[in-house]
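A short worksheet on the structure shown next.
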Amino acid sequence: METRGSMERLLLALVGLCVSFQRAGAAFPRSSSRCTFIPRNMALCYDIGYSEMRIPNLLEHETMAEVIQQSSSWLPLLARECHPDARVFLCSLFAPICLDRIIYPCRSLCESVRDSCAPIMACYGYPWPQILHCDNFPMDHSLCISAITDEMSTSRRSKSAFFSLLLLLLLLLSPTMSLLPLLPLVLLLLLPLLLLLLTLLGLPLHHTHTEPVMLTKAKCSSHVQMGGGFKPIDLL
């Protein structure tokens, strides 16, 4: 009975999202949109980093009740932590920030989230929704919302490069350097040089799970058996 109920709710959700997307004209909202505060009971996007959103949103949900109902169905996917920027991507559509112009998610952000989260959805027999097709969104050279994780990684690399150079300079200028034997001296100087080289090459000094998720049947079974109220209807 629970499976049948889930299937019925899934069909309703799919129909609702498809109709919304058709009304939106490929995710382009009407000019009559207005700004409104993101309510506390919109768990997906409340406290996302800004307080006002546009409605109708980029999926053409015209009422806040519709926005809350549709957005809440994605919460179980976020609980799976399939991608660190999944919430940013979804909120850019369900609760677009209220600025003078519409800001869409970048295509690369969509692709990164899709590549990591779609396999989780596939475990339940459902593909990445066509309405979230990444070709609908602008390339990165346009004004769009990019991946926060990538920006943070770039910032960390810049800081790492700075501190590596600073450490190297301090070691070179230290009066005690000339008192050290040759081998320890070389090893001591190689450490900041190695850190600097890794930073400049862009190798991650802090691991962030953004690569596509590859799931075997066994891993899919593990995901399905984890429970926690996770159902296909909750995703689409």
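Positions of Cβ are set from backbone N, Cα and C atoms, glycine also.
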From the list C45, C117, C123, C134, which cysteine is recorded by TrEMBL as disulfide-linked to C91? C45
If you check TrEMBL, which of C110, C117, C123, C144 bonds to C134 via a disulphide? C110
Out of C110, C134, which of the disulfide-bonded residues is least crowded by other Cβ atoms within 10 Å? C134
Tertiary neighbours of C91 (disulfide bond) (same chain, Cβ under 8 Å, six or more apart): L44, C45, I48
Helix, strand and coil counts within the domain 'FZ' (30-147) (DSSP): 45 helix, 13 strand, 60 coil
Within 10 Å of the Cβ of C45 (disulfide bond), how many other Cβ atoms can be counted across all chains shown? 25
